[in-house]
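Now, the feature entries from Swiss-Prot:
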TOPO_DOM  39-716  topological domain 'Extracellular'
DISULFID  Cys55-Cys138  disulfide bond
DISULFID  Cys88-Cys106  disulfide bond
CARBOHYD  Asn105  N-linked glycosylation site
CARBOHYD  Asn122  N-linked glycosylation site
DOMAIN    371-637  domain 'ZP'
DISULFID  Cys372-Cys465  disulfide bond
DISULFID  Cys403-Cys424  disulfide bond
CARBOHYD  Thr462  O-linked glycosylation site
REGION    469-491  region 'Disordered'
DISULFID  Cys545-Cys615  disulfide bond
DISULFID  Cys566-Cys634  disulfide bond
DISULFID  Cys620-Cys630  disulfide bond
REGION    673-708  region 'Disordered'
Amino acid sequence: MACRQRGGSWSPSGWFNAGWSTYRSISLFFALVTSGNSIDVSQLVNPAFPGTVTCDEREITVEFPSSPGTKKWHASVVDPLGLDMPNCTYILDPEKLTLRATYDNCTRRVHGGHQMTIRVMNNSAALRHGAVMYQFFCPAMQVEETQGLSASTICQKDFMSFSLPRVFSGLADDSKGTKVQMGWSIEVGDGARAKTLTLPEAMKEGFSLLIDNHRMTFHVPFNATGVTHYVQGNSHLYMVSLKLTFISPGQKVIFSSQAICAPDPVTCNATHMTLTIPEFPGKLKSVSFENQNIDVSQLHDNGIDLEATNGMKLHFSKTLLKTKLSEKCLLHQFYLASLKLTFLLRPETVSMVIYPECLCESPVSIVTGELCTQDGFMDVEVYSYQTQPALDLGTLRVGNSSCQPVFEAQSQGLVRFHIPLNGCGTRYKFEDDKVVYENEIHALWTDFPPSKISRDSEFRMTVKCSYSRNDMLLNINVESLTPPVASVKLGPFTLILQSYPDNSYQQPYGENEYPLVRFLRQPIYMEVRVLNRDDPNIKLVLDDCWATSTMDPDSFPQWNVVVDGCAYDLDNYQTTFHPVGSSVTHPDHYQRFDMKAFAFVSEAHVLSSLVYFHCSALICNRLSPDSPLCSVTCPVSSRHRRATGATEAEKMTVSLPGPILLLSDDSSFRGVGSSDLKASGSSGEKSRSETGEEVGSRGAMDTKGHKTAGDVGSKAVAAVAAFAGVVATLGFIYYLYEKRTVSNH
């Protein structure tokens with residue numbers, strides 16, 4: 001006979017005390033091989049019933065044996081006296097040879113269950129003549145019918161236990177005087193993995209069965225055979241399918257149960273209580289607490305948020321919880337009296353009842369010791385791993401103020417506080433011969449009072465330090481003359497000069513990519529910027545930028561690119577400055593420009609070797625510019641800027657990480673001739689008109705932006721050559737004159 005039990009909750013006492021329960025369905029199969037009481041009304045005999053009776057949760061099913069004479073009999077439900085029951089509705093199926101009747105109107109309530117009487121009569125005989133009556137007993141199927149027992153599973157630390165009603169007095173193994181040996185067998189697991197054990201075998205593997213007058217209690221350890229373990233992170237769930245079979249003379253009882261157990265405690269913070277369950281085949285159907293049954297679709301409207309990614313997390317607003325005073329806690333404790341979670345599982349409904357409690361609301365730790373410094377501070381360090389999940393160090397504050405740490409290293413998970421004894425909410429008190437100073441470091445929640453889910457770890461740490469009374473600090477005001485105004489000067493700055501592939505300025509060239517190769521008239525994009533500064537009131541201003549043939553920025557010859565913060569106005573292709581957009585945090589910390597690659601010449605020779613670039617710059621105060629270069633407007637008289645510019649000590653010089661190799665388009669110095677060496681003249685104009693383009697060149701300059709002696713020398717050579725030509729011409733004319741004079745004579 002198959003019996004299904006459903007029940008409420010039961011809190012066992014004594015060794016059964018536990019804080020977690022799993023509510024699950026139980027199926028009890030009870031096959032009656034013989035009835036307990038068979039009566040022939042006419043003959044008063046008790047023949048054994050040859051069929052099978054099955055007790056379900058709602059009805060009784062009687063199965064008659066198949067024999068050649070079965071079509072000649074008739075069966076009906078009657079009362080114990082053999083009289084018809086007019087309110088009883090039953091179904092007699094001659095084809096299947098079954099009779100089905102409900103408990104409500106077709107049975108009589110007896111102690112521990114239901115009693116039903118049927119009458120079987122041969123159709124060929126006279127009415128009631130030769131009729132046989134059989135009485136059957138079915139145990140109470142509902143848990144509430146069995147003296148208040150509960151079908152809930154209790155979760156202990158290492159095992160789960162559940163109770164079943166004791167439906168017959170002979171179920172216990174205490175009938176040693178009987179000739180027939182009764183026994184239990186246990187089937188653990190589901191499907192092909194199911195394993196059947198005798199009771200002694202199960203006891204050896206850690207199972208246990210306890211039977212008293214009203215109930216049977218079965219213990220299943222978490223590591224037993226057939227128990228499925230689901231784990232995800234730090235959360236665990238155990239699930240098991242069981243069949244307990246008891247065989248006794250004339251009857252066979254099978255209890256079938258499926259149980260789930262989640263033994264992990266809940267976690268709590270300032271706003272919510274969180275229950276975590278790992279991923280398993282069950283699907284949440286409803287949540288019940290405080291006489292409320294809430295469907296999963298209505299959880300959010302009732303202050304519960306469901307997070308169904310990677311398992312399941314239920315976040316209960318603390319406004320739903322109760323509070324109580326506990327001997328274990330200094331402050332009040334949040335809890336729920338009971339919480340039932342109902343799941344759809346294979347394909348039955350399985351419920352789990354738990355009793356969640358938050359841990360005590362007390363400070364995480366109290367730090368004492370030699371923390372007080374001689375200058376009146378407390379120094380303390382806080383690490384992110386002091387809570388689980390890790391602490392968000394950016395939310396830490398001291399006392400009732402906004403005092404923040406003096407040092408923070410997120411990569412190391414460390415912050416350091418330097419707490420003044422006379423500030424940041426520090427309190428003091430006298431204890432014996434000591435003065436004790438106390439403060440609290442805590443994390444703040446932006447959503448308190450609760451308005452959203454907060455998964456931040458709660459952190460409160462009390463820090464204390466003390467002085468001896470004899471060493472107590474004294475505050476003394478010493479009047480003195482007003483000190484002179486300090487001379488303010490900016491501290492050291494670090495600049496960097498880099499080159500970029502294009503004007504997007506996304507990624508600079510690395511040091512291992514130098515020397516860079518550039519062809520004539522190809523732009524070279526450069527950037528100067530300030531490193532490791534977050535001050536929005538400073539501004540980077542270029543002074544000069546120039547090129548040299550060696551890595552020494554002071555070497556000669558030099559070729560100017562930027563002079564006094566402006567493009568060099570003697571170039572054929574002038575330097576172009578690029579604005580710095582909002583893509584960077586502090587645009588005033590950058591200067592960007594590009595120059596066109598030219599053939600660099602010195603002393604009438606074109607240099608095709610490596611060229612090094614350098615820049616000098618200074619840092620200006622945007623709020624109070626202290627140098628004319630801080631507010632340059634181009635073009636401006638170079639002489640005027642030089643006269644009022646910054647001193648050399650205020651400037652900083654930076655260089656590119658490596659040189660640039662300047663080549664012509666065909667990797668030779670095509671188009672570069674003597675005409676290119678002349679600063680002006682018809683030959684230069686003729687060259688440009690014949691070729692239709694300008695082949696740029698730069699003459700070497702001194703540091704003031706003027707032509708160097710090498711270029712002046714080339715002009716002198718040209719002048720001497722011209723003078724020699726004139727002398728030769730005059731000599732040739734004189735020669736012709738003398739020759740004509742001789743011939744005339």
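A Cβ is built for glycine as well, from the same backbone N, Cα and C atoms used for every other residue.
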Which of Cys55, Cys465, Cys545, Cys615, Cys620, all disulfide-bonded residues, has a Cβ with the fewest other Cβ atoms inside 10 Å: Cys620
Pairwise CA distance, Cys88 (disulfide bond) versus Cys566 (disulfide bond), rounded so that it is a whole Å: 110
Length of the line joining the Cα atoms of Cys630 (disulfide bond) and Cys566 (disulfide bond), in Å: 12
Under 8 Å by Cβ from Cys424 (disulfide bond), counting only residues of that chain that are 6 or more apart: Val398, Gly399, Ser401, Cys403, Asn439
Three-state secondary structure, Cys630 (disulfide bond) (per DSSP): helix
Closest of Cys55, Cys106, Cys545, Cys566, Cys620 to Cys372 (disulfide bond), Cα positions, disulfide-bonded residues only: Cys620
Thr462 (O-linked glycosylation site): tally of other CB atoms within 10 A of its CB: 15
Average model confidence [pLDDT] within the topological domain 'Extracellular' (39-716): 75
For Cys403 (disulfide bond), the three-state class that DSSP assigns: strand
